[in-house]
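Q: According to TrEMBL:
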| type | residues | note |
| --- | --- | --- |
| ACT_SITE | 138 | active site, proton donor/acceptor |
| ACT_SITE | 166 | active site, schiff-base intermediate with substrate |
| BINDING | 50, 207 | pyruvate binding site |
Ligand SMILES: CC(=O)N[C@@H]([C@@H](O)[C@H](O)[C@H](O)CO)[C@@H](O)CC(=O)C(=O)O
């Protein structure tokens, strides 16, 4: 049955780190408040790519789940991304987030080794058998190299408690087929620059990194497109994509980190987690220009 309550626009939560790689808790709490109070998004997707999650040890992942739940309470929906090629860790994190009260879990397709689809399916079965929560498959072939076709999605959706997919791909033919074939499963769009065509294809929501800073425009696109006001939505998507192009050209996470540091009035710099490089002075200068032009 469709999890109607999970529909909406989610922040792919960005996590600020200290220079030594530890979590900047104060900064993270401020980002969460910003996303809820100023961006007015419907939920947080915690532990995704934007949080540099795949560079973290298990205890730090749990710490971030704790902070997000503590700061959010029941104000917005919370989805915990727990996936890892280490399925035992994914299960432990799924159980942990579920006990904390997360509304759902999500798991990236297992990556690095070339797993067969049978192995991928078994991974999702193992997680959903062991965790008492609904799960959203996280498909992001551009980073994992794992492509899932229409029939394979059908097999995953047959698993108890697999309620949908976070679809981070530009394959609109596959998206259209998925929507038509699986009206009872949630589909979240993962590329912010393609929000409008994704909503035209009737996705249930979207999860993205730039929504942390560009929330109001993104919400407008989402709402206008749902109402069929495509021309108006396209105008806002055009400006949004000028912003996203500039951000991508200057470095996605460094630019978003800089903008969020300014927006939350944080004195401490928002560092990246190694081996991600820290921002150069030139990147910071350009980030300030982007911030002034599109967000401030
Ligand atoms: C690869 C990547 O970072 N994808 C982002 C997008 O929001 C992306 O940053 C944006 O569309 C700009 O390309 C999200 O799909 C990632 C995400 O939701 C996550 O943090 O897991």
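Including glycine, each Cβ sits where the backbone N, Cα and C put it.
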Q: Suppose we screen the recorded positions 50, 138, 207 by Cβ distance to ligand 1 with a cut-off under 6 Å; which survive, in sequence order?
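A: With ligand 1 as the reference and 6 Å as the Cβ limit, the list reads 50, 207.
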Q: Listed recorded positions are 50, 138, 207; which of them have CA atoms within 10 A of the CA of residue 166 (active site, schiff-base intermediate with substrate)?
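A: If one measures from the Cα of residue 166 (active site, schiff-base intermediate with substrate), the recorded positions that come within 10 Å are 138, 207.
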Q: What does DSSP say about the residue listed as 'active site, proton donor/acceptor': helix, strand or coil?
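A: Going by the DSSP assignment, the residue listed as 'active site, proton donor/acceptor' falls within a strand, counted as strand.
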Q: Please report the distance from the Cα of residue 138 (active site, proton donor/acceptor) to the Cα of residue 207 (pyruvate binding site), rounded to the nearest angstrom.
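A: Cα-Cα, rounded: 11 Å.
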Q: Taking 10 A as the limit, how many CB atoms besides its own sit near the CB of residue 138 (active site, proton donor/acceptor)?
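A: The Cβ of residue 138 (active site, proton donor/acceptor) has 26 Cβ neighbours within 10 Å.
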Q: Including all protein chains shown, what's the count of other C-beta atoms within 10 A of the C-beta of the residue listed as 'active site, schiff-base intermediate with substrate'?
A: 26
Q: Sort out the sequence-distant neighbours of residue 50 (pyruvate binding site) for me: same chain, 6+ apart, CB within less than 8 Å of its CB, listed by position.
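A: Result: 12, 13, 14, 15, 209, 212, 253, 256.
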Q: Would you count the other CB atoms within 10 A of the CB of residue 207 (pyruvate binding site), including those on all shown protein chains?
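A: So the number of other Cβ atoms within 10 Å of residue 207 (pyruvate binding site) is 29.
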Q: Secondary structure at residue 50 (pyruvate binding site) (DSSP, helix/strand/coil)?
A: helix
